[in-house]
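Data first, discussion second: the structure below is written as structure tokens.
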Amino acid sequence: MATPTLAEVINRSQHHGLIARITSQQIFWVFMAAVFACLALTLLTDSFATERNLFNVTRNFAFVGIIALGMTAVIASGGIDLSVGSTLVISAMTVSVIMSAGMPFWLGCLAALGISLLVGAVNGVLIAYAGMPPFVVTLGMLSVARSLAMVLSDNKMIYEFGPDHDFLLWLGGGSTLGLPHPLIIMVILACLTAFAFRHLRWGQHLFAIGGNENAAVLTGIPVARIKVSVYMFSALMAGITGVLEVGWLGGVTTNLGQAMELTVIAAAVIGGANLAGGGGTAFGAVVGALLIEVIRNSLILLGISTFWQGTFVGSFIVIAVAFDRFRQRKS
Amino acid sequence: MNVLELKNISKRYGAIQALDNVSLAIAPGEVVGLMGDNGAGKSTLVKVIAGNFAPTSGDILVSDQKVAFHKPLDAQKAGIEVVYQDLAICNNLSAASNVFLGREPTRRIGPIKVVDYAFMRSKSAELFARLKSETRPRDLVHKMSGGQRQAVAIARTLLSDAKIVLMDEPTAAISVRQVAEVLNLIRQLSDHGISVVLISHRMPDVFEVADKVVVLRRGELVADKKASDSSPEEITGLITGAIEHA
Ligand SMILES: Nc1ncnc2c1ncn2[C@@H]1O[C@H](COP(=O)(O)OP(=O)(O)O)[C@@H](O)[C@H]1O
Ligand SMILES: [Mg+2]
């Protein structure tokens, strides 16, 4: 073997100081915080480490985690999607209405995901081609999509899902090998998202747009098309979650997913998505969602009023952003 | 043969005559220092050459062929590249990703095409070596010096077989040490037969690398002479108008 050149040694020390690299990542500390919270809860309460509670925690966390994957893509591209909670409910309502009319699951699911993609496409086109601010467009969609879900269902609760009723409940509420299905699906989607971020041109381009949109335009990246696809991706994740959540709850009302956008944004941001654009990882989204869910669960188990939840979520967003600012100023 | 020739180029913005009958020829590998006061028309000239907009009148010839650029991509295809100062660099990506931005090579794994990072790294390492720059392909641009950023932007022009590279004020906002780095990069380009048009306010920089100095004053070309036949004092006089014409 040849002796390494100086350049190689420098290169290695820059890129392969694994421990230094890991501990310099925000996500590492978030992960440690989540682990620490779990340990503390196990010691402090009798109820945390029960099978039943863990089952609930993992499933709840999976719902937030899946949507946070989409949100991370949007945030990394320099945008924001406030309409995810409403996209979730319109998807849930679509699958429910179709299945309760006696149609099979696959048809309802396809329609639900199709509607979700349409919601994302409308967001994306208004943002990318009409040049409107993402905040405004998706805030409008937040209202429109939920209202359409109410129209669709006549604001009634649906809990009968026709011939595939049991399959839907199994898909969202059941488990395989002790793992809740939403968790399994989240893991698969997280792996796919991580792969797309890292290894597809789509991923490269969306991070380039978030990093410097002007540069992306000048180098001929199809910025508008990528942006539309990113909002469609986010909506698809919300749509998938909508279908799963109906199966878990065994019924759906139009207040499903209300105020969920903030929890999801918090999860993405805590997991390292940079609200200024250009940063974020799939793994981070999942870990961020985990921490939020563990904290939410701990409030309940410790007998603290769940009214405090909003305080935590809101503060987390602000703290995570402040942390990021601080780090940027240092470098 | 000239890489680029401008014949009687004029450009008006409404009542403003930004360029007035400018003629200029650039040989392969030649480094041209383009100087002039603020508002003299330097950026306008670069934008005309780069295809950002057409001249009001006059002809552009590339390798002795008349061309008409309708958009920047046309000029790029003809071998004309612009190094925008910080505009075309993404700080959050690696040097290699920036070099290949928008042109990422892919390889197939089954039905999907994945970005070929290995090729991107080895190719950009090769380009940085050619530019004698110490930039490392995997480093994030975010952590780089101004000189290294320039190297990234310039490596991109090598990727596309540029004939001529236009640089608008590349040394305006960087430290002295980094200026030396950028000037070295310009020499490397020239050694590879690529012509460079360098816009700069810094007289020493221009005299250090330029073969030829060109001065614009209120849209008119008032000097076009070999750097070795001129002096900073003369050029200053030409820029201010103390010397009418050279
Ligand atoms: N887009 C534009 N519209 C109108 N006038 C312009 C525009 N760009 C430049 N000008 C005018 O053209 C003249 C030359 O400008 P410019 O080429 O930017 O000069 P320089 O780069 O040498 O400072 C100036 O008088 C400037 O105000
Ligand atoms: Mg200028």
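Cβ from N, Cα, C; glycine included.
Since this is a predicted model, take the numbers as computed values, not measurements.
Look at TrEMBL and you will find A:27-49 (among others) tagged as transmembrane segment. Away from its own ends, the transmembrane segment (A:27-49) comes close to residues 270-272, 281, 283-284, 287-288, 290-291, 294-295, 297-298, 301-302 of its chain (Cβ-Cβ under 8 Å, at least six residues beyond either end).
Under the heading transmembrane segment, TrEMBL lists A:61-80 (among others).
Summarising the annotation, TrEMBL assigns transmembrane segment to A:92-119 (among others). Within the chain carrying the transmembrane segment (A:92-119), a Cβ under 8 angstroms from the stretch's Cβ atoms is held by residues 83, 86, 141, 145, 149, 152-153, 158, 160-165, 167-168, 171, 232, 235-236, 238-240, 242-243, 245-246, 252, 254, 256-257, all 6 or more beyond its ends.
TrEMBL lists A:126-149 (among others) with the feature transmembrane segment. Among residues of the same chain six or more beyond the transmembrane segment (A:126-149), those with a C-beta under 8 A of the stretch's C-beta atoms are 74, 79-83, 85-87, 89-90, 92-93, 119, 223-225, 227-228, 231, 254, 258, 261.
According to TrEMBL, the feature transmembrane segment maps to A:169-197 (among others).
Per TrEMBL, the feature transmembrane segment maps to A:230-250 (among others). With a cut-off of 8 Å between Cβ atoms, the residues of this chain six or more beyond the transmembrane segment (A:230-250) that come close are 59, 62-63, 66-67, 69-71, 73-74, 77, 79, 81, 83-85, 87-93, 95-96, 108-109, 112-113, 115-117, 119-121, 123-124, 127, 138, 159, 161, 168-173, 181-182, 185, 189, 206, 256-257.
The transmembrane segment annotation in TrEMBL covers A:262-292 (among others).
The transmembrane segment annotation in TrEMBL covers A:299-323 (among others).
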(Q) Using Cβ atoms and a strict cutoff of less than 8 Å, what residues sit near the transmembrane segment (A:262-292) while being 6 or more residues removed from its termini? (A) 25-27, 30-31, 33-34, 37, 61-62, 64-65, 67-69, 71-73, 75-80, 84-85, 186, 190-191, 193-194, 197, 207, 209-213, 310, 312-314, 316-317, 320-321, 324
